[in-house]
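Feature annotations, reproduced from Swiss-Prot:
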{"type": "TRANSMEM", "residues": "8-28", "note": "transmembrane segment"}
{"type": "TRANSMEM", "residues": "60-80", "note": "transmembrane segment"}
{"type": "TRANSMEM", "residues": "129-149", "note": "transmembrane segment"}
{"type": "TRANSMEM", "residues": "170-190", "note": "transmembrane segment"}
{"type": "TRANSMEM", "residues": "247-267", "note": "transmembrane segment"}
{"type": "TRANSMEM", "residues": "278-298", "note": "transmembrane segment"}
{"type": "TRANSMEM", "residues": "381-401", "note": "transmembrane segment"}
{"type": "TRANSMEM", "residues": "421-441", "note": "transmembrane segment"}
{"type": "TRANSMEM", "residues": "471-491", "note": "transmembrane segment"}
{"type": "TRANSMEM", "residues": "492-512", "note": "transmembrane segment"}
{"type": "TRANSMEM", "residues": "528-548", "note": "transmembrane segment"}
Amino acid sequence: MSASLLQFVVLLGVMAALVVPVGNWLYGVATGQKDTALERLTYRVIGINPRERMDWKRYGLAIVVSNLVMLLLAYLLIRLQGALPWNPAGLAAQSPDLAWNTVVSFMTNTNWQAYSGEQSLSYFSQMAVITTFMFTSAATGFAAALAFMRGLAGRDGTNLGNFWVDVTRLIYRVLLPVCFGLALVFVWQGMPQTLGAYANATTLEGAAQRIALGPVASLESIKHVGTNGGGFFSMNAAHPFENPTPLTNALHILSMLLLPSALTYVFGRMLGNLKQGWVIFGGMLVMFVGFLGTVYSFEQAGNPILSKLGAEQAITATQAGGNMEGKEVRFGIAQTSLFATTTTAATTGSVDSMHDSYTGMGGFVPMLQMMLNNVFGGKGVGFINFVQYLVLGVFIAGLMVGRTPEFLGKKIEAKEVKLTMLAVLAHPLSILGFTALACVLPGALNSLNNPGPHGFSEILYAYTSGTANNGSAFAGLSANTFFYNLTIGLSMLMGRYLTLLPMLAVAGMLAAKRRVPAGSGTLPTDTALFGALTVFVILIVGALTFLPALTLGPVADHLQMLRGVVLK
């Protein structure tokens, strides 16, 4: 137990220690006026004016148009895979519905995979489509967050920045250098990085085996730095080529948390009020630690059904103990629990264990984190989701004292509240709506491999993961069907754009408003009390919205397990 807690403290301590230096670096990237020679060349090639100012409408339009163009190009490349180079295994193109699901998944930073990477995509597709989207989707979300911050901090609604400049700088100055250095470390730790043919080997039993290789290290670095999550191999970070050592596992966890946590400090610097950034960071960290403790407790306690059968599940010198089904022995319960909590908090979606094999309440937490979708979150969208609850918290507090609510010196009026509620409600509408549809269609139910509450949990998890742009899965659901490829693809689009665009509009509207001086009735938003109020609002809204569905799924699954019922 003490060793497990030490791992948590060390990794979270390193993350917290890096918030300020990384935040200062990102702030410099976001506010710098000088362009590098490579950036100026890029602007000339794509024909943009880097000094152009964009309001929220133009910024949002640039996001949508650029994403649509990339979507169409990526779909074409996936469908023509069989005729393109760097395909040593001779893999055929994906079906139209699977190709749709794949390109939408990686364009929205979801990285949901209804396919096995090493058996479905060529080296060219992995690099030209998958890895490229990992950079552009991360930069897009990050850029949207910076524009959102400028709107909240600014006094000019016509200047939320320039989308093309933000994306270019983030890729050149942040993502590429960090990922290049990290990829070198991964190669040193044993990850493959090759364009050569698959390796052929003979097993101990004398059977022939073909071992998939490829440019793994380069994909793995941006996979976690960009909170993408899609794996080169079907086993994702549980595969020894994607995650060969405990050091790479720790680096994966840190990579996922590094930039999202630092964004809170960037926000504080943009506002000129560091306390506001620390309040957001503190609220996220409190929820993260609570969720981590819950996952670890239930997984370390083990499976009561096995305990009744006499299985030894206690921690000893020779075993990690607990519920080790679906987990890597080399990582144990502690690192696995931390990875699962991190990947669903940071909307990454990569896994070093099978979430479908967790206990009922162990699987409850990853699902709930994606439903809330604001505990650190991914590159930008998670931060925006947290701030939308800050706006709600201010609005609720204003109603309680009978005053017009104010946030950062700007009055929160009906338009802002309506757009915020659109962003808040789009999330459960997608998750619960598509889950309900799948539960009443016999064809959709045929994809289940488990009956009862656990089967329902698999469907609920799939649409939660898609809408939250996470990408992890309860893998017992056979999702490569026309229905799931189509509907999960739609849920990804709803989760991405019906959150991002309305909140970008809120930022633009607030930027155009005149600041009002703080009065006796102004609620300060940079205090621990307001941070606690925001966390309370997040948990209450999440509980009221999703608790009925969670009760039918993972909670009922856990209660059945306590009764000794395996599947029913």
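Cβ atoms here come from the backbone N, Cα and C positions, even for glycine.
Among the listed stretches 8-28, 129-149, 471-491, 492-512, 528-548, the one sharing the most Cβ pairs under 8 Å with the transmembrane segment (381-401) is 528-548.
Residues 54, 93-94, 96, 99-100, 102-104, 106-107, 121, 124-125, 128-129, 132-133, 136, 140, 143-144, 163-164, 167, 497, 500-501, 504-505 of the same chain, all 6+ positions outside the transmembrane segment (60-80), place their C-beta atoms under 8 angstroms from a C-beta of that stretch.
Contact between the transmembrane segment (129-149) and the transmembrane segment (247-267) is supported by 3 or more Cβ pairs under 8 Å, counting only residues 6 or more apart in sequence. Tallying C-beta pairs under 8 angstroms between the transmembrane segment (278-298) and each of 8-28, 247-267, 421-441, 471-491, 528-548 places 528-548 first. Most Cβ pairs under 8 Å with the transmembrane segment (492-512) belong to 421-441, among the candidate stretches 247-267, 421-441, 528-548.
Sequence-distant contacts of the transmembrane segment (421-441) (same chain, at least 6 residues past either end, Cβ-Cβ under 8 Å): 371, 373, 385, 388-389, 392, 456, 459-460, 463-464, 466-468, 483-484, 487-488, 490-491, 494-495, 498-499, 502-503, 541, 545-546, 549. Residues of the same chain lying 6 or more positions beyond the ends of the transmembrane segment (471-491) and with a Cβ under 8 Å from any Cβ of it are 97-98, 100-101, 104-105, 110-115, 228-230, 343-344, 348-351, 354-356, 363, 366, 430-431, 434, 437-438, 441, 443-444, 447-450, 454-455, 457-459, 461-463, 465.
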